[in-house]
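Now, the feature entries from TrEMBL:
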- 9-441: domain 'Major facilitator superfamily (MFS) profile' (DOMAIN)
- 7-31: transmembrane segment (TRANSMEM)
- 46-63: transmembrane segment (TRANSMEM)
- 75-94: transmembrane segment (TRANSMEM)
- 133-156: transmembrane segment (TRANSMEM)
- 162-183: transmembrane segment (TRANSMEM)
- 195-215: transmembrane segment (TRANSMEM)
- 221-244: transmembrane segment (TRANSMEM)
- 265-289: transmembrane segment (TRANSMEM)
- 295-314: transmembrane segment (TRANSMEM)
- 326-348: transmembrane segment (TRANSMEM)
- 354-376: transmembrane segment (TRANSMEM)
């Protein structure tokens with residue numbers, strides 16, 4: 001294979017990796033548009049993002065093992081077909097349940113694609129270039145994960161939410177053709193026999209239960225039966241999986257791999273980076289759009305420095321890794337990332353955007369340096385085990401992301417609810433202090449309770465509630481019932497008394513007008529009777545004349 005062919009083939013692999021990782025974060029920024037389009041609740045719409053993350057976390061290890069056993073190229077092409085086909089289906093979805101179902105199968109394709117890019121790249125260039133290959137793959141992964149919200153923001157600003165999924169279709173076709181024509185088949189030659197079916201089922205149930213529990217705990221309640229059941233069931237399934245894997249001849253996951261300390265440590269680091277990625281890509285996006293009222297595009301432009309910094313920091317971190325080793329570079333990366341998150345925790349509505357961007361650049365440096373753990377994860381593994389090693393590390397990152405969403409979004413929800421309660425109470429007190437009619441106050445209380453409520457129809461947005469509040473208050477203010485009486489001795493009280501007298505005089509005038517109208521009506525009736533009597537008299541006179549003439 002010529003050098004040019006190798007490079008082109010590797011580009012095809014990186015495109016596949018970029019898409020599979022990108023779709024785990026790009027959809028978050030499109031959720032409000034999707035919710036509005038399908039007139040759905042935020043809870044239901046969030047499953048569009050949740051189901052993809054769940055599929056990635058659950059099926060990555062299984063996907064990498066199947067690829068090692070039956071051929072990485074064949075399974076990669078199958079994954080691309082699934083991913084691209086269901087990306088098109090997501091783009092054309094006509095209902096929210098359809099979209100969620102299609103996203104699951106898209107996630108299944110992503111879980112197949114993502115972990116086998118690294119071993120296929122090593123197969124192309126050889127293990128001598130493993131560090132460089134892992135560096136590029138790690139940079140692409142980090143760039144895609146951090147770049148999801150800004151890329152999604154640009155797409156939504158200039159196109160439609162459907163193109164968040166549609167953008168994958170042409171890229172998938174390009175990657176499919178390049179890999180189909182330029183990449184040779186590769187296997188893990190040490191594997192034999194069938195895939196461990198009991199282990200596959202237990203791992204799927206275990207990771208599925210844990211992931212579902214972490215992602216949906218804040219929605220159902222952490223003490224609810226369904227969440228406790230899935231979390232406990234997931235832990236038990238993982239425990240049984242470990243026990244069975246230590247006994248079977250051909251395990252799905254060779255536990256001996258974890259004796260390699262770099263793989264175990266790298267998995268932990270990737271778990272932490274997955275957790276930390278939630279803050280700049282998801283939580284900050286909520287702050288920019290929902291608190292600062294930035295547009296999706298503006299928010300995207302603020303967040304994008306994370307991605308750009310990672311592109312520079314990851315190769316630099318790899319060079320330092322080759323010179324100083326994995327431990328110091330990774331520790332520096334984690335410390336820098338932790339420092340950036342601490343700085344981001346102090347931002348307020350008055351913090352200059354330039355300061356926020358600076359903190360994000362620092363975060364990108366930390367993320368890029370810590371991502372060299374992917375290089376370390378496979379450096380000391382046999383070449384034929386790089387696939388399952390990559391699957392383990394990437395699955396760890398997805399589980400870390402799930403835990404980050406569970407904890408950080410729960411904290412965010414609690415803080416928002418606490419703030420809403422304080423604002424609600426303060427607003428009610430302000431209304432009560434005003435000189436308003438009891439009816440206006442009653443309507444204001446009802447509308448404010450609805451505005452700040454977290455129950456009821458989730459489809460009724462805050463904007464709708466604010467519109468209803470203004471409309472109801474205007475109608476109540478027009479009512480003349482139960483108007484407040486001003487204090488005596490004030491100019492307002494004199495105006496009030498004059499208004500009462502004027503109202504009484506107006507009422508008397510109305511009564512007089514009604515009496516006059518009645519009198520005129522009676523008089524009119526009398527005139528009509530007189531007219532009729534006059535006509536009758538004329539007719540009598542005429543009759544008398546005719547009688548006289550006849551005589």
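Cβ coordinates come from backbone N, Cα and C, glycine included.
Of the Cβ pairs linking the transmembrane segment (75-94) with the transmembrane segment (162-183) and spaced 6 or more residues apart, 3 or more are under 8 Å, so the two regions touch. A contact between the transmembrane segment (326-348) and the transmembrane segment (265-289) is present, since 3 or more of their C-beta pairs, 6 or more residues apart, lie under 8 Å. Put simply, of 221-244, 265-289, 295-314, the stretch with the most CB pairs closer than 8 A to the transmembrane segment (133-156) is 295-314.
Here the transmembrane segment (354-376) sits apart from the transmembrane segment (221-244); fewer than 3 CB pairs are under 8 Å, leaving out pairs fewer than 6 apart in sequence. The average pLDDT the prediction assigns to the domain 'Major facilitator superfamily (MFS) profile' (9-441) is 85.
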